[in-house]
């Protein structure tokens, strides 16, 4: 079971994290039911996240809701875990019944999955969002609209369930209130519990290099790693204009040490005299690496030192770093040599 969760948790993180330059906080709960699971796979799993950090787990093998973050264990009393353990045991049975019903409707046998995701987000400007949806075999099935108190159904089977659920107005209003009020209240509480982890900032280390990916094809890579939170914006520009259509992006992946990594690349025309630059924005700091054709690598290291920002640049060939910060931050940049 431990090996399965070690696989599932990073997978969910990859699905959650998006390229963005705005910092948001989220609380999400994922539930997964499996019919005829293979050996070692529980028939029911529930995982809770704050941002990209797992905070709780439950499965049909242990049948116990348990903390996944030390600050959750330290701040919530034993009766909290027991109360929600009992609730999740009920959800486990409900998922089993609902999955069997769906298989009958679709005339399916064998192994299938039924999933639920519920949660909320607290945006930088103080506004909030909430979401609740179900999936069958990994495909959207029912999606809740809290503003209209209705469900969006994707097929005839889902429409049958939609009509039954929409007949219960009390339950629809309860879900809306939970998404808009209770979920946000829990999120704020968890952010306070884990503030040393969840609200910290670690700036990215950025490197630009070129590589011959195929004979006659040169690719420019811009790679960022060691950053937290995972929200980051990265793009390539040609002569000051973004070249989105030509770019490939890597997923924002956990590095295994509590930080994240990602990359952006595009194929370079070796005969071109254009000026290319990689733009990275993270937590209000904007970095631009301009890459002349003859440069092969331009590593950039950004570290916070005594309240200021220190950039360390190593140039192979000729490169230019253009650095801009938000107007409210007036500290200068200090350039230091590094060994080869």
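The backbone N, Cα and C atoms fix where each Cβ goes, glycine too.
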7-hydroxy-6-methyl-8-(1-D-ribityl)lumazine binding in Swiss-Prot involves 31, 65, 116, 174, 175; of 46, 52, 127, the partner in that site is 46
Range annotated region 'Connecting peptide' in Swiss-Prot (choices 6-14, 294-302) is 294-302
Among 65, 120, 183, i.e. the recorded positions, the one with its Cα nearest that of residue 278 (disulfide bond) is 120
Mean pLDDT across the topological domain 'Extracellular' (23-302) comes out at 92
Sequence-ordered list of residues in the chain of residue 222 (disulfide bond) that lie 6 or more positions away and have a Cβ within less than 8 Å of its Cβ, or none, is 206, 207, 208, 234, 236, 263, 264, 265, 278, 280, 289
Among the disulfide-bonded residues 120, 183, 278, the one whose Cβ has the most other Cβ atoms within 10 Å is 278
